[in-house]
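What TrEMBL says about this protein:
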ACT_SITE  Cys56  active site, nucleophile
BINDING   Trp89, Arg126, Phe127, Thr128, Val129, Glu144, Ser145  glutathione binding site
DOMAIN    172-306  domain 'GST C-terminal'
SITE      Tyr258  site 'Lowers pKa of active site Cys'
SITE      Tyr303  site 'Lowers pKa of active site Cys'
Amino acid sequence: MTPVEKKQKIEIQKFAGEDGQYKRRASVFRDFISSKPGSQFLAEANRYHLYVSYACPWATRCLIVRSLKGLSSIISLSVVHWHMDSEGWRFPSDDDKCKDATIDHIYGFKRIKQLYFKANENYDGRFTVPVLWDKKLHTIVNNESSEIIRMLNSEFNHLIDDEHKKKLNLYPTELQKQIDELNSWVYDNINNGVYKTGFATKQEIYENEVLNVFKYLDKAELILKENFTKGETYLIGNQLTEADVRLFVTIIRFDPVYVQHFKCNIGMIRHDFPNIHKWMRLLFWTNASFKETTNFDHIKFHYTKSHKYINPHGITPLGPIPNILPLDHS
Ligand SMILES: N[C@@H](CCC(=O)N[C@@H](CS)C(=O)NCC(=O)O)C(=O)O
């Protein structure tokens, strides 16, 4: 084990700092795929590979956009085992099988961390998913989901056959200001808010964070309530945007995991947020890109069986039953 690997082994399961507060580290690989001729990372069919976990909300953003844009046959995929241990994410093996996970289709690696060290032998960050990998240059293009979804949204259009999917634009120029504004508070207070709540190791910090999550859920509830009154079904009017994708991945995990595992239990989406609940079910039940990329087993098993310091015996609660209610449930 190299000194860097040793350091990673010690720190990988330490989420909160000494002050009891969780601070997410910025992603390190930040290159961009482009459709412009001559680009280092040119948008080409079959050149790029996505490494994901179905459990991870950030990786699932990429899975949803890959599906919405019809890129499944253009960008290949490997899916890790839901269990994350002291060395990070791993792929299933013959004696460690996992339904819906895959081997590493590119190198046959056992762990995601091997990709990080292949890309940079001195890497000293966390071994996170998603990873957007370049099969030609054998390196990581980008490991920041907010940027990966932008590339998938705009740079592969010339390779997409389906006219509807080719035209779909989740970040149209005229809505960018509104989308950016939504993204900024949704990210800090809801997407990352549940992690700051769940990983807090001091009572006072936990209480501040959990109250804050619910304050911003109220804000999202109000927006969707007004939109539904006008006959609109998305966060921004009648148009599906990346803001919906980015909020959805947290909301779909909320009742099954965050309520109990991250102690976000001041309310539940299904009981206390009727408009968010309706919006979430509409996306899930009427759009296959949302339903087919949601894997409740991976989601529930990952959090409850990987975070030993939160749930030492790794017992996965059975409820809520069902994980998501039907569309016509009143
Ligand atoms: N900012 C990154 C965050 C990705 C991230 O934190 N992924 C988690 C899974 S939900 C992970 O891989 N964590 C492993 C670790 O922190 O060691 C993104 O949005 O892509």
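A Cβ is built for glycine as well, from the same backbone N, Cα and C atoms used for every other residue.
Note that TrEMBL annotation is computational and uncurated.
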Given the binding-site residues Trp89, Arg126, Glu144, tell me which ones have a C-alpha lying within 10 Å of the C-alpha of Tyr303 (site 'Lowers pKa of active site Cys').
none
From the Cα of Tyr258 (site 'Lowers pKa of active site Cys') across to the Cα of Arg126 (glutathione binding site), what is the distance in angstrom?
22
Can you count helix, strand and coil residues in the domain 'GST C-terminal' (172-306) using DSSP?
104 helix, 2 strand, 29 coil
Which residue among the recorded positions Trp89, Phe127, Tyr258, Tyr303 has the fewest other Cβ atoms within 10 Å of its Cβ, if you could check?
Phe127
Pick from Thr128, Ser145: which of these binding-site residues has the biggest number of other Cβ atoms within 10 Å of its Cβ?
Ser145
Which recorded positions from the set Cys56, Arg126, Ser145, Tyr258, Tyr303 come near ligand 1, judged by a Cβ under 6 Å from any of its atoms?
Cys56, Arg126, Ser145
Can you give me the Cα-Cα distance between Tyr258 (site 'Lowers pKa of active site Cys') and Phe127 (glutathione binding site) in Å, rounded to a whole number?
22
Local confidence of the domain 'GST C-terminal' (172-306) - pLDDT mean:
98
